[in-house]
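What follows is a single structure, written as structure tokens, with notes after it.
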């Protein structure tokens with residue numbers, strides 16, 4: 001449905017519900033910060049509609065609170081998994097020993113969950129909506145590439161450790177889910193880069209690809225969380241056997257077990273906050289640009 | 001935003017996008033099947049808008065295909081977990097032995113995943129939209145109560161088995177996630193029944209409660225899936241040790257391991273299909289009833 005352009009560049013779409021209708025101002029970058037007559041007119045219009053203004057402001061505040069929460073949870077996940085591998089599991093190496101395996105949880109949690117989640121919500125930040133989309137698209141692609149590389153190196157660590165120690169690969173349910181998540185993620189990144197970054201990709205293809213891209217993005221995060229929870233659970237049972245190695249059994253909940261379980265809870269919480277941000281239509285970057293207020297696209301069509 | 005009533009009782013909301021705008025006909029039951037002049041008028045309107053008709057029909061077909069797929073996947077999950085526990089793990093009993101534990105995966109997968117998922121999408125079935133909502137609300141509540149009871153009995157089975165065999169309870173990450181899912185589910189059911197079924201609950205409370213109820217519903221399913229994946233993974237490592245008991249090790253992927261892993265994959269697939277159905281705005285039961293075409297509410301306000 002075509003959007004109606006409000007004075008000042010803010011667009012208001014006709015909506016089926018207030019929750020779907022929310023539209024933040026997305027003026028072009030060139031206009032941001034300038035108090036034009038049109039912008040003044042918009043302020044007058046807003047002054048006549050205080051409930052809508054209040055609703056808009058509340059929504060922005062809730063977004064930033066959730067965004068801040070996601071960053072804190074993500075940071076807590078990375079700290080927890082580093083402390084677990086670095087302190088409780090003996091540290092890191094790349095020599096085929098258990099210390100090489102220790103890279104696996106750190107890189108998978110950091111890459112496939114935290115950096116991935118942070119990269120997924122880049123477009124939802126309202127402050128970016130008034131700006132040229134291309135830099136944010138490149139940031140999204142770069143964060144996802146970092147996440148993908150970390151995940152692949154994380155998989156290499158466990159494959160290398162298994163191969164050197166004559167342990168079978170890809171037999172557990174954890175590995176099936178984790179490998180699927182990484183494979184779909186790699187496919188998603190390649191298709192996303194080809195479909196949304198290449199200047200030669202047609203606009204019609206982008207329109208078809210976009211909902212699939214968004215949908216697959218959520219699925220990858222769900223698979224990542226399931227893989228992480230099963231992996232942490234499995235590792236704690238393997239590591240905390242209460243045997244001659246001097247470890248306390250998992251069932252007695254020693255500090256390492258509490259740390260591992262807490263890491264799992266933090267991962268679930270981070271994933272839920274990210275999925276909440278992604279699923280809220282109020283925080284989706286508006287698709288249609290107000291007519292007559294064009295950006296300067298660096299590629300063919302950057303608004304897809 | 002207020003809906004516009006179209007001839008024939010079909011309502012068309014003004015929308016921000018075509019994907020949010022989709023509105024299937026939801027005539028009241030009394031009118032269904034009768035070819036009134038208003039209905040004829042609607043057909044004429046539709047005849048003048050073949051693309052919208054085609055889009056509506058395509059959406060209905062896609063919904064029913066996904067719904068059928070969810071039912072098939074749910075059935076496959078139940079069959080798989082029953083075969084696993086009943087055949088590969090020795091069957092069922094309630095005597096404190098491992099046979100009592102076998103109820104745990106069966107009841108949790110059947111209750112907390114399959115019956116829960118089927119109950120969650122009841123309102124999404126387009127055929128029900130033209131009918132009084134109360135019977136479907138009662139069906140939703142009944143299915144969720146069955147799911148909750150199955151889950152609680154499933155938890156009782158594992159607690160009883162642990163207590164008799166002097167095994168600690170609620171120490172693993174799997175148990176933390178699973179217990180949380182069941183506790184939130186129980187709270188959700190009580191709040192849902194009190195808020196949406198009790199005639200004395202005010203309409204304003206229902207309006208506030210509804211989005212929270214829907215959001216928590218999705219979270220419970222995500223937690224259930226994570227709990228099931230970690231639980232199946234853990235059980236396969238426990239059961240398939242390749243030791244003197246004669247079992248082949250999990251790492252050699254014997255038939256039981258393939259069955260268990262397949263069960264995990266089916267649970268993930270079922271969950272993703274259900275979440276896809278729940279997240280698609282085109283398949284949400286329309287909130288507002290066409291004016292002048294009232295149902296016969298049996299409770300105070302059944303459209304919330």
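Using N, Cα and C of the backbone, Cβ positions are placed for all residues, glycine too.
Range B:258-279 is the one annotated as transmembrane segment, of B:258-279, B:280-301 (source: TrEMBL).
The highest tally of CB pairs under 8 A with the transmembrane segment (B:258-279), across B:106-126, B:138-161, B:173-200, is held by B:106-126. When pLDDT is averaged over the domain 'Cytochrome b561' (B:69-279), the result is 96.
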